[in-house]
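Engineer: Sharing the record's features from TrEMBL:
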- His392: active site, GMP-histidine intermediate (ACT_SITE)
- His209: Mn(2+) 1 binding site (BINDING)
- His251, His335: Mn(2+) 2 binding site (BINDING)
- His335, Asn336, Pro368, Leu369, Asn370, Met371, His392, Gly393, Ala394, Gly395: GMP binding site (BINDING)
- 488-500: compositional bias 'Basic residues' (COMPBIAS)
- 501-510: compositional bias 'Basic and acidic residues' (COMPBIAS)
- 487-510: region 'Disordered' (REGION)
Amino acid sequence: MGMEIKARDLIAAGWREDARMGMVLKRARELEATGLDRAGVLAALEADFPKLALRAELRSTPAGCSEAIAAETPAEIASVAASRARMLELLHVPVIKRGALMPDTCPAGAGIATIPVGGAIEVENALLPGAHSADICCSMFASFFADNRPVGELMDHLWASTHFGAGGRPRGKQFYSTLLEEPVWDNPFLAGLQGRAREFLGTQGDGNHFAYVGRIEFTPDQHRAIARAGDTDLAAAIERREGGFHVLVTHHGSRALGANVYKHGMIEARAWMRQNATSIPEAAAWLPADSREGRDYWAALQFVARWTRVNHALIHDEFLHRVGLRPLAQLGNEHNFVWQRGDAFYHGKGATPAWRDAKGRPLLGLIPLNMAREILIVLGGDNDEFLSFCPHGAGRNLSRKAMLAPYRDAEGDIDPARVKQVLAETTGGLDIRWFNGAPDLSETPLGYKDASKVKEQIERFQLASVVGEIHPLGCIMAGQAAEPPWLQKKREKRAAHKAARREWTTENEE
Ligand SMILES: Nc1nc2c(ncn2[C@@H]2O[C@H](COP(=O)(O)O)[C@@H](O)[C@H]2O)c(=O)[nH]1
Ligand SMILES: [Mn+2]
């Protein structure tokens, strides 16, 4: 009689060393005990426990990446180099077929294979939660309306209509939509999130999310381009208004609902990686799109997209209701999402869809640049070389921390007089409001890349064509979150100390 069959024999014969190995070995020994020879044992075992496909591994050479970028200054060059490095790491992942970097690219984090902002990938049969990022469906939405009130009055109504900051709306101020009644809550990625979905409706959150009021005058050429592209609703509204509108534009994502779906998606994707892949970076973990988990995740993403659009629309409804008007046209787009086109899954992190829809019409998109600049309305260029995406904004050259560093004193404080001066220089004449009270310099135009260069690159690389420019009148941003009381005390103590030191120096100099 030969040696008892061992796990290593099974591994050598092609079974995986995974959670099933104990059961596979037990069965092999049972078969062996029936008197079968080794070949017979392995053949019978295959019927009970089919060998699973080999573990997925990183490719030795990355998939191709196209760059629609013209970096010029040292800061731009360094930022693009960091984005490119992360994208190249990601492109070693075997399910990714191609990648593209947009003019607004900048790193979204230093973790290996973290998709950069302004990054897009074409993927075969897989969903990568990391590649749409935690803020699933971060998106733009615009309502065109007819009005001639002073902007301050409109901004007061907008202030009363929206909600920024952490958390949801308090009870009694919550919004409602029939969307909450959709039979989706059995989906494992959405289970337990119905309360969050209700609480966070009508909220915009923190960071660079904003509510912006502007003015647009479509030119006859732009009107013709929109009509030719088949956007009949917008074209008809332009005709009725002879091109002129006020516009409300909001920017935000799926709030706590999406953040929780993402978190759960990541947990499942990492679990799948542990069973089926080797050495795939965390940021690139995926779920096979045709698996049960993949199908559930896909369905959850579609709900998150519907929820986010309703979230924008409810804020717009509330504002328009307050000012006693109706929207004459509306449009919007996600820029952090996964879209299926044919058999491929296109993931975008800060990338605007710029392809043609099922009827062959180029998609309309909104590209914000900064609070003091126009928001571009674009028609997709459907440029396959860049996976048919265009940028989603201007992007940053420096992280928020690095951007703010030169404004901080030795104690890390920023002089409020300096902030006031910078705001006057960069946003003078506009009605800029900060929901949390204090301005955030990293959210002023100084925080972003040169908007004119990004605009020029959209044209140069034929990513999209600009068919409208919404010029700024006012903008609400979240601003600096309220300081916790302990931090406030510490800051006040430091300010008192500084004042005393100044007084002492002046007295001793006199
Ligand atoms: N019109 C405005 N645009 C802004 C403002 N703050 C930022 N931005 C632009 O939005 C994009 C989107 O950023 P992301 O968070 O989705 O990556 C950003 O790149 C900026 O160009 C603003 O206050 N008003
Ligand atoms: Mn966004």
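Just so it is clear, glycine is given a Cβ too, placed from its N, Cα and C backbone atoms.
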Engineer: Of the recorded positions His209, Pro368, Asn370, His392, Ala394, which one sits closest to His335 (Mn(2+) 2 binding site) when you measure Cα to Cα?
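Structural biologist: For His335 (Mn(2+) 2 binding site), the closest Cα among His209, Pro368, Asn370, His392, Ala394 is found at His392.
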Engineer: Do you know which of the binding-site residues His209, Pro368, Ala394 end up with C-beta under 6 Å from ligand 1?
Structural biologist: Pro368, Ala394
Engineer: Which recorded positions (His209, Asn370, His392, Ala394) fall within 10 Å of His251 (Mn(2+) 2 binding site) by Cα distance?
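Structural biologist: Correct set: His209.
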Engineer: Using C-alpha positions only, work out which of the binding-site residues His209, Pro368, Asn370 is nearest to His392 (active site, GMP-histidine intermediate).
Structural biologist: Pro368
Engineer: For a quick check of understanding: given the listed GMP-binding residues His335, Asn336, Pro368, Leu369, Asn370, Met371, His392, Gly393, Ala394, Gly395, what is the maximum Cα-Cα distance in angstrom, as an integer?
Structural biologist: 20
Engineer: Quick one: give me the count of other CB atoms within 10 A of the CB of His335 (Mn(2+) 2 binding site).
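Structural biologist: His335 (Mn(2+) 2 binding site): 31 neighbouring Cβ atoms within 10 Å.
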Engineer: Between Pro368 (GMP binding site) and the residue listed as 'Mn(2+) 1 binding site', how far is it from one CA atom to the other, in Å?
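Structural biologist: Answer for this pair: 11 Å between alpha carbons.
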Engineer: Using a 10 Å radius around each Cβ and counting other Cβ atoms from all shown chains, which of the recorded positions His209, His251, His392 yields the largest count?
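Structural biologist: Ranked by Cβ atoms within 10 Å, first place goes to His392.
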Engineer: Return only the integer: C-alpha distance in Å from Ala394 (GMP binding site) to His209 (Mn(2+) 1 binding site).
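Structural biologist: Cα-Cα distance, Ala394 (GMP binding site) to His209 (Mn(2+) 1 binding site): 14 Å.
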Engineer: For Asn370 (GMP binding site) and His209 (Mn(2+) 1 binding site), what Cα-Cα distance in Å is obtained after rounding to a whole number?
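Structural biologist: Cα to Cα, Asn370 (GMP binding site) and His209 (Mn(2+) 1 binding site) are separated by 11 Å.
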